[in-house]
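Peer 1: Mind having a look at this structure? Questions to follow.
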Amino acid sequence: MSISQRELDQEVDRLKEIQIRIQTEMGRLEEIVHYRGSEVLDIRRNFWDEVTVNTSDYYDLAETAASITQQQAVLSQEERSHRHALKNLRKLKRLHHNPYFARIDFIEKGEEAEKIYIGLSSLVDEDTHELLIYDWRAPISSLFYDYTPGPAGYQTPVGWIQGEMTLKRQYIIKNGILENMFDTGISIGDTMLQVLLARNTEGKMSHIVTTIQREQNQIIRDDQHEILIVQGAAGSGKTSVALQRVAYLLYKHRNSLTAEQMVLFSPNSLFNDYVSNVLPELGEANMLQTTFQEHLQRSIGKKYKVEDAYEQLEYLLSASEEDPAYLKRVQTIERKTSLLFMEQMDRYIEQLKETGIQFHDFRVRAKVLISKETLTEWFYHQTPADAPLPARMEKMKERALEELETLQERLFKNLFKKMLRNPKYLGTDEEMKAESRKTARKAFGPLRRTAKQLEFLDIIGMYHNFLNESSPIQEGIPYEDATPILYLKAVLIGWPTINQMKQVIVDEAQDYSPFQLRYIRRLFPRARFTLLGDLNQGIHHANVQSYTHLEELFGQTPTALFQMTKSYRSTHEIIEFTKGILQDPEPIETVGRSGDKPKMVAVPSEDLLATEIGKGVHELWQKGSKSIAIICKTESETRVAFETLKNKMDQEIHLITKETFVFKGGLVVIPAYLAKGLEFDSVIIYNVGEKVYHRSTERKLLYTACTRALHHLFLYFTGEPTPLIPSE
Ligand SMILES: Nc1ncnc2c1ncn2[C@@H]1O[C@H](COP(=O)(O)OP(=O)(O)OP(=O)(O)O)[C@@H](O)[C@H]1O
């Protein structure tokens, strides 16, 4: 739709006017920040001058205390005002160069037409209290995301507002200059979205608030359901939705929810870095970010090393399918990740109430102080059989600490006696007593800690007993055993209290096993959950297979299942090509952006792969790519590729392994499972030869790798191409 020159001039004028207001307000706030800042410093420096200190009698003491309290109150009031002004100033600085990105004109039934400008945060006219810019998260801003011009409505805390949208306009404002604007007609698609999607990507993920789509907006703003499950095709914006949802919830519940009460489980640390800019760009603090692996290792403790999920995967991808050890491992993994296994554990734990509990001896070097038999005897005879297990363990702790106290007293007496007899020690009896007491206390320190943390419970021993296996875990815990071991521990001694967590977000949820998901649910009993995943991209063995399964896992509470089927990342050609890799795909649609067809390149021999890929990289730079990933199947293939490629490239090339924590753009070589969740202008699959990808379990991995591409996809192969890619 064409926009008249008059309208354009009006918009330019308005933008100028808003910027002047922002500048004026910034100036005012800068003064306040400066003034409050020096006030705070002043109060801190002269704190004691203002306090009347008199401690001669009770009344004076009380007066002194009151005076300190009063002075503290003044200080925190000043600090609060300072923080508030600083926060507002930062907000204005963000708005200054890009105050808003959209406008809608809306006529509420029975009211006058209103122009609503929407930006990253709101701006109020201090004098008239008029809202000059609405925050994108305000209820009314929903209109922009949900409707095209025509009848429209939105939900407010007091009910539904119905009316008519007469205009929907989007702006591209850069460095304070209005570069372009588009009006959306009833039938015209989202021009702005197409412009954004056609761009090249250089680095970390960016926010999408200027072009959130209706299906995404629904998920971002859903506050009704305690459990949200999102199936989203590759590139449909799951991670984006998760992050904008965090920003939305922080805005909506700003008086009761903080960033520390939200946690995001992401696939790996590299990914954490990749997404780390989004919330700060939106003016919000990042929520806690972690990986399940990190949780496992931290909870198991330093004594044992938990195998990495990627090590497990590396093994499964590299071992021969005929190897009996491989087959056994696959079976074991399938068993230990199932809910059936959890039920079997529950039965075993039930039994432990009567028999079979195991402890470690309390010992100092070789000397046993409290034997495991004694501990077992205490458990079954001195703790109430009908009490819950954690309560019984609490009793055990008390009992052990008591016993340690007695033993420590005995040691003290012996030491003291020895000192008295030994002419080497000089000093009064009292001094020697104190010395001996100190030595005894120190000697018992580690044992007391063991008791307090209930480390005398032999969790691993019981786990082995349950499995009916004799070989005890030495220093490494296989990935598939780590969660069951922690589950056993939690049920026996009580779940760690992570109750303050109100929102838990699990990205790549399809890579968790049913056992793990149920475990996570119990870890955060009071939290609301957002689980986002794509069954097409399930790369781990025995992960969740269906959404009914997921719903069952989280059941009971209000649960909603959303589907996002449009893929925003890749061109139409790449999407169609990658669909062919899947056998029974979840639905995927394109948003209509077109590009080159993916290219399969046959290479006569492996020695020539690097040279050919070098040429491909060159071609892709020429086409304007700013980020290129050469994706390999495993870490070992990645290392080989990196070594052979690094001398063939004119540009710098980065190797990415699971030890890489910082996301780098440019040219990278990366294993497929780490490329998960990331995206690049161009993707090169290192070798899609039949010898490399042939098992059906590798289908989803290959799919995941190919769907990382925005604009171009090149696939190289030696020998025959993989049968997983249908020939045209
Ligand atoms: N509404 C939108 N407007 C503009 N860009 C969008 C929108 N939704 C998604 N995108 C872009 O599409 C790309 C894919 O988004 P994102 O990584 O969130 O998808 P995903 O579903 O998590 O993908 P995957 O599962 O394949 O890793 C990103 O570049 C994102 O910025």
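Just so it is clear, glycine is given a Cβ too, placed from its N, Cα and C backbone atoms.
The ATP binding site annotation in TrEMBL covers Gly232, Ala233, Ala234, Gly235, Ser236, Gly237, Lys238, Thr239. The domain 'UvrD-like helicase ATP-binding' feature in TrEMBL is assigned to 211-571.
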Peer 1: Which residues, in sequence order, are found in the same chain with Cβ within 8 Å of the centroid defined by the Cβ atoms of Gly232, Ala233, Ala234, Gly235, Ser236, Gly237, Lys238, Thr239 at the ATP site, excluding those residues themselves?
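Peer 2: Those within range, site residues removed, are Ser240, Asp534, Met564, Ser567, Tyr568, Arg569.
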Peer 1: To see if you understand the setup: which same-chain residues, six or more apart in sequence, place their Cβ under 8 Å from that of Thr239 (ATP binding site)?
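Peer 2: Same-chain residues close to Thr239 (ATP binding site) (Cβ under 8 Å, separated by 6 or more) are Met205, Val275, Asp507, Leu532, Gly677.
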Peer 1: Across the domain 'UvrD-like helicase ATP-binding' (211-571), what does the mean pLDDT come to, as a whole number?
Peer 2: 89
Peer 1: Which residues of the same chain, at least 6 positions away in sequence, have a Cβ lying under 8 Å from the Cβ of Ala233 (ATP binding site)?
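Peer 2: When sequence neighbours closer than 6 are ignored, Ala233 (ATP binding site) has Asp534, Asn536, Met564, Thr565, Lys566, Ser567, Glu586, Pro587, Ile588, Glu589 within Cβ distance under 8 Å.
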Peer 1: I'd like the Cβ neighbour count for Gly237 (ATP binding site), meaning other Cβ atoms within 10 Å of its Cβ, all protein chains included.
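Peer 2: A count of 26.
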Peer 1: Same-chain residues six or more away whose CB lies under 8 A from the CB of Lys238 (ATP binding site)?
Peer 2: Val230, Gly232, Asp507, Leu532, Gly533, Asp534, Met564
Peer 1: Gly232 (ATP binding site) has how many other Cβ neighbours within 10 Å of its own Cβ?
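Peer 2: Cβ-Cβ neighbours of Gly232 (ATP binding site) within 10 Å number 28.
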Peer 1: For Ser236 (ATP binding site), just count the other CB atoms lying within 10 A of its CB, please.
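Peer 2: Taking all protein chains shown, Ser236 (ATP binding site) has 27 Cβ neighbours within 10 Å.
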